[in-house]
Amino acid sequence: MSLETFPPPAGYNAPEQVHITQGDHNGRGMIISWVTSLNEDGSNVVTYWIASSDGSDNKSVIATTSSYRYFDYTSGYLHHAIIKELEYKTKYFYELGTGRSTRQFNLTPPKVGPDVPYTFGVIGDLGQTYASNQTLYNYMSNPKGQAVLFAGDLSYADDHPNHDQSKWDSYGRFVEPSAAYQPWIWAAGNHEIDYAQSIGETQPFKPYKNRYHVPYRASQNKYTPQNSWLQDEFKKVNRSETPWLIVLVHAPWYNSNNYHYMEGESMRVTFEPWFVENKVDIVFAGHVHAYERSERVSNIQYNITDGMSTPVKDQNAPVYITIGDGGNIEGIANIFTDPQPSYSAFREASFGHALLEIKNRTHAHYTWHRNKEDEAVIADSIWLKNRYYLPEEETI
């Protein structure tokens, strides 16, 4: 879509591209991010208060501010502020900007607990096309979603001449109607690397790391900081407090599509034993522009005689879901391997999004919603049982 499709808001130095994400591990903090064209007094401040209050309890936080240059582009001023000690299940208003350019939004930190219901939207490889707009519209039309798990590949700026950085701005405006009101949890994809030696841009992830506060460095061997970080993160998980263990990656480990076939294999070989050992419930991936859901399988037992390995059903293993079907500019990946392998439970070359409804510590309901004209159609669904509390076989 053209830049005119997602214009900046009216008003002098108006804040734009507003998005929020979780700011701490206990659910009482939120990172508020926004962009202004100028770095004037007050443009880096977020003011927030409880919606039901009389306004006398307003609090303000000053953001950290940065900008970056990329080839012939200079970004606006990128602001990130952490608001803390929020009350659970309480609606807050927050306000950005000054004077007549003030903009107001709201957010609600959820109640926490092992049996508290919570619904995630799941999107990957979104981009900013007509199909992308349909995906986001369909997700927002369902009132259930409380946060979005995003499996990488955001703006697709690198698919345009000289990695057109204005596409990052239009993308931020595009997702703002959702991302300003509920947390989007981002994973980085290959389109976030933005490495372009031919135009002198050799710092990987420059736009992404300036715009989004999440881990972004990729690892290619078993001795990197990323490897140690993941081991430490698994140790921190307390399944009595957070029963469901969900992992976001970008390149899928189980993929029966001809596109990007086995590109995640080296990562799978390294990390899959940890996922099985720690009883990961679900792994969401993007990268392949189609939809696929696996059986619970693992591929960690190698045949000593021939050196081959074969995925086998494993009730301690995650379900692997490829959700790179958001609608990006590169189109759908419509060539699957034939016959369909036994580890693949459902696959379809269509755009769409998913909902993961956590019901309690033992059960969750998962649905994939195919884009169809002006509505979303449930094309795949399954009741999931928690691997830690109820490692039993599931049924559709």
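From the backbone N, Cα and C atoms, a Cβ is placed for every residue, glycine too.
Here's what Swiss-Prot has on this protein:
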- 1-13: signal peptide (SIGNAL)
- Asn58: N-linked glycosylation site (CARBOHYD)
- Asp125, Asp153, Tyr156, His289: Fe cation binding site (BINDING)
- Asn133: N-linked glycosylation site (CARBOHYD)
- Asp153, Asn190, His250, His287: Zn(2+) binding site (BINDING)
- Asn190, His287, Val288, His289: substrate binding site (BINDING)
- Asn238: N-linked glycosylation site (CARBOHYD)
- His260: active site, proton donor (ACT_SITE)
- Asn303: N-linked glycosylation site (CARBOHYD)
- Asn360: N-linked glycosylation site (CARBOHYD)
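Everything Swiss-Prot records as a feature, shown here on the structure.
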residue: Asn58; record: N-linked glycosylation site; Cβ contacts under 8 Å, 6 or more apart: Thr47, Tyr48, Trp49
residue: Asp125; record: Fe cation binding site; Cβ contacts under 8 Å, 6 or more apart: Ala151, Gly152, Asp153, Gly189, Gly286, His287, His289, Gly324, Asp325, Gly326, Gly327, Asn328
residue: Tyr156; record: Fe cation binding site; Cβ contacts under 8 Å, 6 or more apart: Gly127, Gln128, Lys167, His191, Asn328, Ile329, Glu330
residue: Asn190; record: Zn(2+) binding site; Cβ contacts under 8 Å, 6 or more apart: Gly152, Asp153, His250, Ala251, His287
residue: Asn238; record: N-linked glycosylation site; Cβ contacts under 8 Å, 6 or more apart: none
residue: Val288; record: substrate binding site; Cβ contacts under 8 Å, 6 or more apart: Pro252, Asn255, Asn257, Tyr259, His260, Thr322, Gly324, Ala333
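Residue density at Asn360 (N-linked glycosylation site): 15 other Cβ atoms are found within 10 A of its Cβ, drawing on all protein chains shown.
Listed in chain order, the extra residues whose Cβ falls within 8 Å of the Cβ center of the Zn(2+) site residues Asp153, Asn190, His250, His287 are Gly124, Asp125, Ala151, Gly152, Ala188, Gly189, His191, Glu192, Ala251, Gly286, Gly324.
Asn360 (N-linked glycosylation site) is 32 Å away from Asn133 (N-linked glycosylation site) when you measure Cα to Cα.
Secondary structure at Asn360 (N-linked glycosylation site), taken from DSSP and collapsed to helix, strand or coil, is coil.
Neighbour counts of Cβ atoms within 10 Å were taken for the recorded positions His260, His289; the minimum is at His260. In the three-state DSSP scheme, Asp153 (Fe cation binding site) is classed as coil.
All chains included, 26 other C-beta atoms sit within 10 angstroms of the C-beta of His287 (Zn(2+) binding site).
In the three-state DSSP classification, Asn190 (Zn(2+) binding site) falls within a helix. The 10 Å shell around the Cβ of Asn133 (N-linked glycosylation site) contains 17 further Cβ atoms across the protein chains shown. In the three-state DSSP scheme, His250 (Zn(2+) binding site) is classed as coil. Taking the mean position of the Cβ atoms of Asp125, Asp153, Tyr156, His289 as the Fe cation site, the remaining residues of that chain whose Cβ falls within 8 Å of it are Gly124, Leu126, Gly127, Gly152, Gly189, His191, Gly286, His287, Gly324, Gly326, Asn328, Ile329, Glu330. Spread of the substrate binding residues is 13 Å (greatest Cα-Cα distance among Asn190, His287, Val288, His289).
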